[in-house]
Ligand code: IMP
């Protein structure tokens, strides 16, 4: 079972880094296939906390080959900041490989991200402001800059000039900002060329060869299903393919090489940024979830919106991704609640919807229909076998498993690396 995809089920921040880390010792390769430094993984190893935004979390496991695939947009300044920070803490990052076809995020992408959001006013997406959307827009508009362009100055200059042509009109005439000079951008990008060059290769070839040898390749998705540009709550989404299909296009392997699709789902729900969120709580329970689960954005420090578990969303994610296994994280956060509501369906203006409505307006109007489960008060952070969980915690997990149409193979019971209950091996 060498090709394993990890995707978020909800709106991100499900704790995917922990799942990648769990596979760590048996992983030969870990690939980031979408997104950029809008992501945020927090991994705790030996009491030390690592917050990564751009690098795949597998980079923290010794012996793992980390790859940034063609589907990623790379802010080179952030790449080297993260590498330097890990180097300073004694982490060896020399095995990192970067796709020659990945696009780069430049100064003008970051600027456009921020001014466009401001321009949208109350229709804001609530982006991370890292230039992700504008970089992907350039890619699709065929005016993007790829990593390989850094190695040919004359091509680079032509491409930067072409990319800036329309943008400077926009910046000056619409957004009232100063024009950005091509020289400034070219100089900045070239300053990274020598350092990035040894990392750059045909990563698709590298990964196909690894799979041919039977090595274990983990495809680590950034963001999550409900933030996917095609399948998420558009337009309140990120600009990349965060679902399992994106693992193939974003890394250059065929879909038939993806053997296992692991969905990461929190035992409750959170969301950063704007957009519909049917189970969102606006009361003290929501605040309690935020505090207890430490739900503050890793990337922007924004408060995460919090709410109860939404079973139709997990069913939807299972279908869209072809999820074979779920990893349920943060079950311990629910400890201490007398009862735990779970959304089992929606009420949309008097009509019951069992599944996520296809129509955006319906989803905006969806009111959760809850079923309530008894809680537990025992500390579960030390539990390592499912049958040792309090009966009500077992019942909660089993009920969610049935509603999700997929087995819950791993349960996270605490922030530490080993705080997991493994019911089914993810690599067999
Ligand atoms: P962008 O990815 O910066 O364009 O932001 C688009 C939307 O995706 C916003 O609502 C962000 O808050 C959200 N988003 C992007 N990356 C993450 C993530 O890693 N976790 C949670 N939300 C994210």
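Numbering starts at 1 and runs along the chain as it is shown here.
Just so you know, glycine gets a Cβ as well, placed from its N, Cα and C.
Predicted automatically and left uncurated, TrEMBL annotations should be read as such.
Annotated features in TrEMBL:
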| type | residues | note |
| --- | --- | --- |
| ACT_SITE | 13 | active site, proton acceptor |
| ACT_SITE | 41 | active site, proton donor |
| ACT_SITE | 139 | active site |
| BINDING | 12-18, 40-42, 304, 330-332, 412-414 | GTP binding site |
| BINDING | 13, 40 | Mg(2+) binding site |
| BINDING | 13, 14, 15, 16, 38, 39, 40, 41, 128, 142, 223, 238, 302 | IMP binding site |
| BINDING | 298, 299, 300, 301, 302, 303, 304 | substrate binding site |
Cβ neighbour count (10 Å, all chains) around the residue listed as 'active site, proton acceptor' is 28
Sorting the binding-site residues 12, 38, 42, 128, 303 by sequence and keeping only those with a Cβ under 6 Å from ligand 1 gives 12, 38, 128
Among 13, 14, 15, 16, 38, 39, 40, 41, 128, 142, 223, 238, 302, which the record lists as binding IMP, the farthest-apart pair of C-alpha atoms sits at a distance in angstrom of 34
Sparsest Cβ environment (other Cβ within 10 Å) among recorded positions 18, 139 belongs to 139
Other C-beta atoms within 10 angstroms of the C-beta of residue 223 (IMP binding site) total 28
Under a three-state DSSP reduction, the secondary structure at the residue listed as 'active site, proton acceptor' is coil
Row residue 331 (GTP binding site), column other C-beta within 10 angstroms, all chains, value 26
Neighbours of residue 298 (substrate binding site) among recorded positions 15, 41, 223 (C-alpha cutoff 10 angstroms), in sequence order, are 41
Candidates 38, 40, 128, 300, 303 (binding-site residues); nearest Cα to residue 413 (GTP binding site) turns out to be 40
Expressed in Å to no decimal places, the gap between the Cα atoms of residue 41 (active site, proton donor) and residue 15 (GTP binding site) is 7
